[in-house]
Amino acid sequence: MQSFLLFPLLYVIVENVYSSSTQPNYGNQRKSIMKTLLKGYDKATFPLSDPIDVEAEVTIQDIGSLSAKTATFVVDLWYSQIWTDPRLVYSHLSPQKNLSLDGAVAQKLWTPNVCFVNSRETYIHMSPESNILLIIYPNGTVWLNHRVRVCGRCGMHLEKFPLDTQHCYLIMEGCGYSIAQVRLHWMKWNPVSVASTRFQLPDFLFINATPSTSMKHYAAGDWDQLVIHFTFKRSYGFYILQAYLPTYLSVFISWIAFWIDSKALQARIILGVNALMALTFQMGNVVKNLPKVSYVKAIDLWFFVCIFFIFMSLCELAIVGYLDKLNDRRTAKYERRQARSLRLWTSSKWECAREVTASRVERQYAASARLYPRRYHYRHFYENTNVGHKIDSCCARVFPLLFAAFNVLYWYHFLSV
């Protein structure tokens, strides 16, 4: 039984040894083909006399950061350049379907040198060696792929901050080659793809990346440009918790003064001033992490309106305090007059004095009302009603209604557009 199993095993071993000895070594064959192709090859010479068509393809691997303060974003991506070089045709030399080579061979070949013209910094990943893949096909088609990290500029428009959507761009050009030498095109199938949309960005949500083309005119000629348009929507949950909710509380606290007795002036002042100071501190804490821009942002408008409401509540406090003080003066003056009249009524001729005084007061009061109707109206208003209480009651209704109307307009405008 054991000998019966041994013969098939020996047959497999002998067959594998024979096959490996008869098949040509791929590494040696690849070196031989490249040695033949590079013999007399000049990387400074264009492959064709006509403009060379170069197709590009980008796969976004990761988006590291997007900063409003530095106006930059960092992207890790693979980008490929595909063109045809007739000098690299090897179909007559070998039946190999393709030759997979490294970056060292790429340095010996002519390349279109597509670069990111709006980047602040670009480098090729080294893990553990240069992440460059070169594939040459039998018909002379060259596929050059780089894995790079690009730190690109992203000029942000913060008019709607923190309810904004930002658009960033990466622009690729053939460095040194105008449209007279190189024409750049996006690959027809899936030119820009995303390896994963679950990018961990602290402030933004990645929406999409779309390709487009344009042409840039320089003094030396026209250059093709390949553009990747990135769209990011800001995650405003942090600002709801750290900016909007505290300002709501500050405004609401300032309204508590409307329900406090106008005589408790010190308590009402403390409420209003503390609410204003807290709101100012919150505004400074948010704005310090943003770039200094000359236009008004959405959050600036929010803070300004909230400060305005708190300031107006303090103004209402001053008005009520002044009117109460004026009313107290008028009341004291009226009481002094009443005291003088009372002394006259208690004189020896009490009955006569009372009739004379009463008739005289009525005549003077009626004459004053006819000659100075507005003075009579105000005197009657201050002496017979509590003006401060009425103003407080009115503001306790008007302020919340106006603030609610502002909220409806604010959130509708910035969330619907």
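Counting starts with 1 at the first residue shown.
Each Cβ is built from the backbone N, Cα and C atoms, and glycine gets one as well.
The annotation signal peptide is assigned in TrEMBL to 1-19.
What TrEMBL lists as domain 'Neurotransmitter-gated ion-channel ligand-binding' is 31-235. Here the domain 'Neurotransmitter-gated ion-channel ligand-binding' (31-235) returns a mean pLDDT of 90 for the predicted model.
Per TrEMBL, transmembrane segment is recorded for 236-258 (among others).
Annotated domain 'Neurotransmitter-gated ion-channel transmembrane' per TrEMBL: 244-360, in sequence order.
Look at TrEMBL and you will find 265-281 (among others) tagged as transmembrane segment. For the transmembrane segment (265-281), same-chain residues at least 6 beyond its ends with a Cβ under 8 Å from one of its own Cβ atoms are 246-247, 250-251, 253-254, 256-257, 303, 306-307, 310-311, 313-314, 317, 321.
Taken from TrEMBL, the feature transmembrane segment covers 301-323 (among others). If you look at the transmembrane segment (301-323), the same-chain residues 6 or more away from its ends with a CB under 8 A from one of its CBs are 243-244, 247, 250-251, 254-255, 257-258, 262, 265, 268-269, 272-273, 275-276, 279-280, 282-283, 382, 387-388, 391-392, 395, 399, 402-403, 406, 410.
Taken from TrEMBL, the feature transmembrane segment covers 394-412 (among others). The list of residues near the transmembrane segment (394-412) in space but at least 6 beyond its ends in sequence, with Cβ under 8 angstroms from a Cβ of it, reads 251, 255, 258-259, 298, 301-302, 305, 309, 312-313, 316.
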